[in-house]
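> Take this structure first; my questions come after.
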């Protein structure tokens, strides 16, 4: 199975490399060439999921608006690029060029005041480079005629500073000039002249590195300090766990194996893991569901590895519109073959039939919760008129991808797993017909305590880095340190495996042979802590409103559910290898 998974991973890496090559910008311009500036969306600063189309607000517009043709990933990302009245020709400076003269009605003014109070920002794209700006500002309270007042201003002048190298655009920044503000504190109609300026400057920076400016935030001293403490915290937990494992294997378990193998009768009489050798490999309950979890968890693990490969090759950089979501759709579809292959391979070791049920369950285990949550969130977005609402055509495309590509790949993996998968499982000892009765357990061997500990230890080692990830996903901090993220993920895998092995050994030492499902729960429960921390993160943030709350909880649930399946699978596989090793090392009668 390892060779099959390696082959699939190689195909994915080749595909992601091809995707990344196609995503690069290679636009060349001559002086005076028109370079279109597209307006994208607007929204409150603290609610990243609550965005609306640019022209939903009473900005300058003239005639029909041309919508830019977008990719699937851009639509899923909530991008809605449209043409604008801004004319930024290559290497052509402009000073106080009139964009439009607009009469703001009382309703327009009320709308602007409302969005300015919520710190609305706008986003634009120029030669695939993002730029932002604020709509207006609120000035401090003042007292007049015994009443408290607040001043609202709208920015009427926008400055563009563009850097170029030879015939390519390298960087663009926008500045809302505070010298040109219009007071809209009163509900009276007002005429506003919107203007803009453009200045071009030569730079020595190459076009290949023009996106690096969006990564510099990750190397801010404060960010580096947080990463350092996260690294130190992870290393501390890993070292402590390595010491515990060394004690377990080098002293306690090794002595048990030696004494049991040489026929020490006193050792044989002791209660412990040795007494359940004829039950520990008994076919677990709900084998189809267990194999489906293993298949889906392995699929998602391969997908995560492929994403890291994309990040390290530089194809997943900040604000590369839709690249991440496009990659996720393609890679999840292709890795469905892994889910079918893995679930069938494990199922065939215990039962010679009913593998089809495992494949079907693997096909719905993650997609069904995903589509349910997506449908609810899409309904909420449609109600609010947000750009996160998926058009009908996009929904049809997603359904077609799932039915015409995802399901066939899943079935193909099931066929390959049935024919070329793992051989029938041969336990080191014969399995008794009747299961051994499980004696009463001490409190530290009970399921609740073990599952809690199995989730808490790995989470405590990565909590600082997990906070940074939340801040990147739901704030405006840029997480572009794939090396640190990969290190954190490796630590998470190591701790989930190690803690799973230790807890499985403790469970078997209490003569409790039903370890299969508990090992999955112990590993996956880390994701429950992650979701709980996500709720705490939301409560401490400035996010508000039902739309943002629903998207935050929904997407966080999907992320943590995926990690539950991945970490549960890792914990199970580590426990399975450990159990096979210790029972093969014993000379059973």
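In case you wondered, yes, glycine gets a Cβ from its N, Cα and C as well.
Copying in the features that Swiss-Prot gives for the protein in this structure:
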{"type": "SIGNAL", "residues": "1-24", "note": "signal peptide"}
{"type": "TOPO_DOM", "residues": "25-227", "note": "topological domain 'Lumenal'"}
{"type": "TRANSMEM", "residues": "228-248", "note": "transmembrane segment"}
{"type": "TOPO_DOM", "residues": "249-291", "note": "topological domain 'Cytoplasmic'"}
{"type": "TRANSMEM", "residues": "292-312", "note": "transmembrane segment"}
{"type": "TOPO_DOM", "residues": "313-321", "note": "topological domain 'Lumenal'"}
{"type": "TRANSMEM", "residues": "322-342", "note": "transmembrane segment"}
{"type": "TOPO_DOM", "residues": "343-361", "note": "topological domain 'Cytoplasmic'"}
{"type": "TRANSMEM", "residues": "362-382", "note": "transmembrane segment"}
{"type": "TOPO_DOM", "residues": "383-394", "note": "topological domain 'Lumenal'"}
{"type": "TRANSMEM", "residues": "395-415", "note": "transmembrane segment"}
{"type": "TOPO_DOM", "residues": "416-450", "note": "topological domain 'Cytoplasmic'"}
{"type": "TRANSMEM", "residues": "451-471", "note": "transmembrane segment"}
{"type": "TOPO_DOM", "residues": "472-482", "note": "topological domain 'Lumenal'"}
{"type": "TRANSMEM", "residues": "483-503", "note": "transmembrane segment"}
{"type": "TOPO_DOM", "residues": "504-518", "note": "topological domain 'Cytoplasmic'"}
{"type": "TRANSMEM", "residues": "519-539", "note": "transmembrane segment"}
{"type": "TOPO_DOM", "residues": "540-550", "note": "topological domain 'Lumenal'"}
{"type": "TRANSMEM", "residues": "551-571", "note": "transmembrane segment"}
{"type": "TOPO_DOM", "residues": "572-589", "note": "topological domain 'Cytoplasmic'"}
{"type": "MOTIF", "residues": "578-583", "note": "motif 'Endoplasmic reticulum export signal'"}
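In the displayed structure, how are the listed features positioned relative to their neighbours?
Non-local neighbours of the transmembrane segment (362-382) in the same chain are 291-293, 295-296, 299-300, 336, 339-340, 342-343, 388-390, 395, 402, 406-407, 410, 546-547, 550-551, 554-555, 557-558, 561-562, 565; each lies 6+ residues outside the stretch with a CB under 8 Å from one of its CB atoms.
Within the same chain, residues 41, 49-53, 56, 72, 75-76, 78-80, 377, 547, 551 sit at least 6 positions outside the topological domain 'Lumenal' (383-394) and bring their C-beta atoms closer than 8 Å to a C-beta of that stretch.
Within the chain, the transmembrane segment (395-415) has long-range Cβ neighbours (under 8 A, six or more residues past its boundaries) at 72, 329, 332-334, 336-344, 355-356, 358-359, 362-363, 367, 378.
Listed by sequence, the residues of this chain that lie at least six past the ends of the transmembrane segment (483-503) yet keep a Cβ under 8 A from its Cβ atoms are 227, 230-231, 234, 237-238, 241-242, 244-245, 248, 304, 308, 311-312, 450, 453-454, 457-458, 461-462, 465, 469, 518-519, 522-523, 526, 567, 570-575, 578.
Tertiary neighbourhood of the topological domain 'Cytoplasmic' (504-518): same-chain residues 248, 253, 271-273, 275-276, 279-280, 282, 284-286, 290, 435-436, 438-439, 441-442, 444-445, 447, 450-451, 572, 575, 578-579, selected by CB-CB distance under 8 Å and a gap of 6+ residues from either end.
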> What residues elsewhere in the chain lie close to the transmembrane segment (551-571), defined as a C-beta under 8 angstroms and at least 6 residues from its ends?
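Residues 49-50, 293-294, 296-298, 300-301, 304, 365-366, 369-370, 373-374, 376-377, 380-381, 388, 454, 458, 473-474, 492-493, 496-497, 499-500, 519-528, 530-531, 534-535, 538, 543.
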> Could you tell me the mean pLDDT the prediction assigns to the motif 'Endoplasmic reticulum export signal' (578-583)?
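Result for the motif 'Endoplasmic reticulum export signal' (578-583): average pLDDT 84.
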> Which residues, given as numbers and ranges, are at least 6 beyond the ends of the topological domain 'Lumenal' (540-550) yet have a Cβ under 8 Å from it?
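Cβ under 8 Å, 6 or more out: 46-50, 376-377, 380-381, 384, 386, 474-475.
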